[in-house]
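S.K.: There's a structure below that I have some questions on.
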Amino acid sequence: MDFNVKKLASGAGLFFTRAVQFTEEKLGQAEKTELDAHFENLMSRADCTKLWTEKIFRQTEVLLQPNPSARIEEFLYEKLDMKAPSRATNGELLGQYMQDAGKELGAGTPYGNTLMIVGECESRLGAAEREFLQTSAISFLAPLRNFLEGDWRTISKERRLLENLRLDLDACKARVKKAKAAEAKAAAAPDFQDTRPRNYVLSASASALWTEEVEKAEHELRVAQTEFDRQAEVTRLLLEGISSTHVNHLRCLHEFVEAQAAFYKHCHHHILFLQQFPNAFTLNAANAAVSTASASEGAGSPTEADTLKIEEVQAPATGTRKAKVLYDYDAADSSELSLLADELITVYTVPGMDSDWLIGERGNQKGKVPVTYLELLS
């Protein structure tokens with residue numbers, strides 16, 4: 001118990017001494033030991049690295065998981081050392097809903113079948129996103145987090161210890177300076193007009209006392225200087241390790257870029273399929289529907305709708321509109337009109353024509369065009 005009390009009192013005294021030294025330095029009443037320029041540059045670079053690593057880490061988290069509630073949930077699972085439950089991506093959910101809707105509406109209908117095809121493609125996009133998120137979390141986020149929670153905490157701890165030892169060193173320097181000043185004052189020549197012997201004895205005793213105090217203060221200064229130098233070397237080595245951290249983060253950044261490039265490449269591949277396939281299916285379904293309707297009505301030959309003579313179709317007096325072409329389209333036969341992306345054409349409907357198609361005109365050229373390739377303008 002006595003030992004704990006003494007230790008507590010010693011710690012409180014040390015804390016008070018450091019607080020006094022720090023306050024006097026801020027007020028300009030005490031000298032401060034300055035570190036060399038190289039050491040200061042190392043600390044500045046370390047602080048800059050920590051600042052921007054933290055910002056990049058936080059923003060990458062937002063990029064990979066925009067939902068703040070989901071981020072908090074993942075953080076809690078991580079702190080509790082528990083595995084977070086698997087969560088489907090938005091693309092996977094959308095794909096599942098589309099496929100379920102297609103089954104419910106009927107896989108044999110144009111809309112239902114197309115829903116199932118698009119849903120499958122959206123599911124693949126969601127799976128590609130999931131793979132990208134997992135790869136990025138392992139190859140990029142994890143090393144940044146390890147630096148912030150591991151290496152940087154060690155550096156911060158050693159820097160705080162160095163600062164405390166520096167305060168102790170400067171406090172020892174101040175005590176040596178005061179002791180030497182008192183010793184010099186005590187060793188000053190006595191006043192010979194005062195002939196009382198007692199004064200000579202007191203002067204000699206005070207001089208010896210202050211000499212002993214100076215020796216004690218100088219010993220404490222040497223010990224404090226040794227501890228400070230040792231801690232400065234340890235801290236310097238840790239700060240120089242920031243260069244290795246930069247190399248490691250550079251490699252992780254390359255892996256992040258490669259994962260992102262692979263993700264967008266997969267997305268581009270799936271989107272191309274998604275863009276082209278539904279229109280081809282709609283065309284086949286429309287032709288089949290027209291043939292079926294013609295056969296059921298028993299009017300004319302079954303191929304009457306397929307042999308529509310476009311040149312005989314006349315534009316109505318009203319109802320024509322301008323349309324912007326969204327994608328390139330190659331005509332399947334002479335009844336269709338080939339399209340180029342971003343061009344403007346005139347479109348209109350004719351009685352009995354399937355709603356998925358319009359008649360398009362470009363100058364003297366005329367032909368059927370799919371509605372899904374157009375953006376109708378007012």
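Glycine too: its Cβ is placed from the backbone N, Cα and C atoms.
For reference, TrEMBL lists these features for the protein:
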COILED    155-182  coiled coil
COILED    207-234  coiled coil
DOMAIN    24-287  domain 'BAR'
DOMAIN    318-378  domain 'SH3'
S.K.: Would you mind splitting the domain 'SH3' (318-378) into helix, strand and coil residue counts from DSSP?
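M.R.: Residue counts for the domain 'SH3' (318-378) by secondary structure: 3 helix, 28 strand, 30 coil.
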S.K.: So what's the mean pLDDT when you look at the coiled coil (207-234)?
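M.R.: Overall, the coiled coil (207-234) comes to a mean pLDDT of 84.
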